[in-house]
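So the structure is just underneath, and the comments pick up after that.
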Amino acid sequence: MESERSCLLSSHDAGKGGSSSVSSASFNFINSIIGSGIIGLPYSMSQAGLPMGLLLLILVAFITDYSIILLVRGGNLSGTHSYQSLVRSTFGQIGYIIVSVLQFLYPFIAMISYNIIAGDTLTKVFMRIPGVGPGNILTERHFVIAMSTVLFTLPLSLYRDIAKLGKVSLLSMILTFGILMTVVVRAATLGPQIPASDDAWVFARWNAIQAVAVMSFALICHHNSFMIYGSLQEPTLSRWSLVTHISVGSSVLVSAVFAAAGYATFTVYTQGDIFENYCRSDNLATFGRFCYGVSIITTFPLECFVTREVISNALFKGGELSKSSHVIITLVIISATTAISLSYDCLGIVLELNGILSAVPLMFIFPSACFLKLSNERWCRGENLIASMILVAGVFVMIIGLIMMALFPQDCSHGAEMFYCSASNTSSTASPSNILQFINTTQNTSIV
C-alpha cells in the first residue's frame, strides 16, 4: 500500500492546481456540508432516539470522511478528475448514467429545499418588523423566494471559479454559529417548560433507518468533492485528507450539538424543520431564522456549481463552457429550482426522499464500489474490508429506508403554530407554570 500511496501523491503533485488554500477549501466544504440538512437533524433524533441518534450521527460522519478520501483515491488510481468520469472508468456507460442522474438530482433537490427554507424562514423574520402585517408583500413566500433568487443566489451562482465563494462560505459559517447559539439557549430556557413524554429519552426507536437517511442528507458533500479538491493550490492526497478531516470533524461537532439541543427542547414534538417549533413571537428564534435564511442563500451557489458541472460533463464532454453557455445553463437551473420551490413547500419529505434516493448511493455505495473494483486486494482484506462494509450498509439503508418511508410517511405541518405558543404573546417565553397550565388544560379538554 506504500507504493500505491506514493503513486497517488505523485499523480497530482505535478497536476494543475487551483487558487484555494486549505482554509478556504475547508470553508467551502463545511458550507457545503452544513446546508439545509442540519435543520432536520433534531427530527432524526426523534426518529432514532437521542442516544442511538448521536451514535448513528458519529457513524455516518466516519463513513462520510472515509468515503470522501476513497473517492479521490479512486480518481487518482483511474486517472479521472470527476465523480462521473470515475464511475464511467469502473462501471462503464450504465454506471456513468446512473451516477450522473444521482449527482444531478441531489444538488438540484437541495437547491429546491434551500429556496423552501429561505421562503418559510425569512417571511417569519419580516413579520417581526413593525408595520409589516399578514397582508404585506414581505410575508409572501413567493415574493421572498423570487427576490432572494434575483438579488443573491443568481449573481453568486454565475461565478465560474468556486474559489471566489470562499469569503461567502466564511460568512455562512459565522451565521451558523448564530443559529447554534439560538438552539442551545432555547434548549436551556424553553426546554424545561415543555413536558416530555414517558418515552422521550429511550435509547433507540424503530425509525432509526429513516434517521440515517436524514443524517446522510445533512452530511453528504461527495458530489462536489472533486471540484473542491481541484481548487486546492496543491491538490495532493495529504492536503485533501487534511481538508476532509477538518471539514467533516467541524461539521459533525456542530451537527451533534444542534441535533441534541433541538431535540432536548421539544422531544416528541420536534418537527422536520426545527424552526417550525419556535413561536413566531420569539425574538431570539427570529434572529436564528434570519441567520439560517441568509446562510442557506450563501450555500445555494455551491450546489448550482455541481449541477452545472454535471450538465457540462454530460452535454459538452467535460469541456470548458463558453460564457454564453455558462450563463444560459445557470439561468435554466435557477429558473427550474425556483419554479418548483414556489409550488411546493413541505421540507421534511424533500429532505428524507433526497437522503434515501440520492445521498445514500453517492455517499455509501459508489465510492466504496469504485475503490473496491480498482483495488488489487481482496474485498475481505485490509482497508478493503471497511469499504465492503460501507457498501453493504449503503444497500441495506437504501432498501429499508424506502420501505420505512412508505410505511411511516412524514406529516407536513408547514406554517402551523405549535400548541404551546398560545400560552404566551410575549417575545420572551412564558413562565413554566403558564405553559404547563395551558398544556394540562388542552390535554384535559381532549380527554373529555
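Backbone N, Cα and C atoms are what each Cβ position is placed from, and that goes for glycine too.
Residues or ranges marked as region 'Disordered' by Swiss-Prot: 1-20. Per Swiss-Prot, the feature transmembrane segment maps to 22-42, 52-72, 94-114, 143-163, 165-185, 200-220, 246-266, 286-306, 324-344, 346-366, 389-409; the stated evidence is sequence analysis. Annotation source Swiss-Prot lists N-linked glycosylation site at N425, N440, N444.
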Top Cβ-contact partner of the transmembrane segment (94-114) among 22-42, 52-72, 286-306, 389-409 (pairs under 8 Å): 286-306
The transmembrane segment (52-72) and the transmembrane segment (286-306) contact flag, 3+ Cβ pairs under 8 angstroms: no
In contact by Cβ distance (the transmembrane segment (200-220), the transmembrane segment (286-306); 3 or more pairs under 8 Å): no
Contact ranking winner - 22-42, 165-185, 246-266 against the transmembrane segment (346-366), Cβ under 8 Å: 22-42
Surrounding residues of the transmembrane segment (200-220) on its own chain - C-beta under 8 Å, 6+ positions past either end: 33-35, 37-38, 40-41, 43-45, 47-53, 56-57, 60-61, 64, 106, 248, 251-252, 255, 267-268, 351-352, 354-356, 359-360, 362-364, 397, 400-401, 404-405, 408
Most Cβ pairs under 8 Å with the transmembrane segment (246-266), selected from 22-42, 165-185, 324-344: 22-42
